[in-house]
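Chemist: Take a look at this one; I'll ask things after.
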Amino acid sequence: MGGVVTKFTSAFGDWSKNPTRVLMLGLDAAGKTTILYKLKCSETVQTIPTIGFNVETITPVPGLTLTVWDVGGQERLRALWRHYYVGTEGIIFVIDSADQMRFLDAREELFNMLNSDDIVDGTPLLILCNKQI
């Protein structure tokens, strides 16, 4: 997980403004909540489907504090994602790489998000492929 954080911080540039608001999105069961709590607690925790959101402030490396908003990815909740875009300074889009049947759904939701007028142009985006086999 440390390698991911290092690449994330390098790609996103200067994070001197702390905490930085990061939005974590993706389809349901992609592993967003597991990733969040792995970063927060350094262990894998049992999760249930997110209805609404989880928000945690984490410091994955010294000098970098992120307030991560993990928003539920069920189909009925995706229309609500746009309400979380305002003030977002970085986006992590999580894809379940073991669930190839849903790649097109994930792509469609990613494109919908990126085409939203509420996303500021130039907002850093990390596409995180989870659950490699």
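The backbone N, Cα and C atoms fix where each Cβ goes, and this holds for glycine too.
Curation does not apply to TrEMBL; its annotations are automatic.
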Chemist: Can you pick which of GLY63, GLY73, GLY87 TrEMBL lists for the same GTP site as GLY26, LEU27, ASP28, ALA29, ALA30, GLY31, LYS32, THR33?
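Modeler: GTP site check in TrEMBL: besides GLY26, LEU27, ASP28, ALA29, ALA30, GLY31, LYS32, THR33, the record includes GLY73 out of GLY63, GLY73, GLY87.
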Chemist: For the binding-site residues listed here (THR33, THR50), tell me which residue's CB has the most neighbouring CB atoms inside 10 Å.
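Modeler: Answer by Cβ density within 10 Å: THR33.
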Chemist: State which of the following binding-site residues has the fewest other Cβ atoms within 10 Å around its Cβ: GLY26, ASP28, ALA30, LYS32, GLY73.
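Modeler: Ranked by other Cβ atoms within 10 Å, the binding-site residues GLY26, ASP28, ALA30, LYS32, GLY73 bottom out at ASP28.
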Chemist: To the nearest Å, how far is the Cα of THR33 (Mg(2+) binding site) from the Cα of GLY26 (GTP binding site)?
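Modeler: Per the Cα atoms, THR33 (Mg(2+) binding site) and GLY26 (GTP binding site) stand 11 Å apart.
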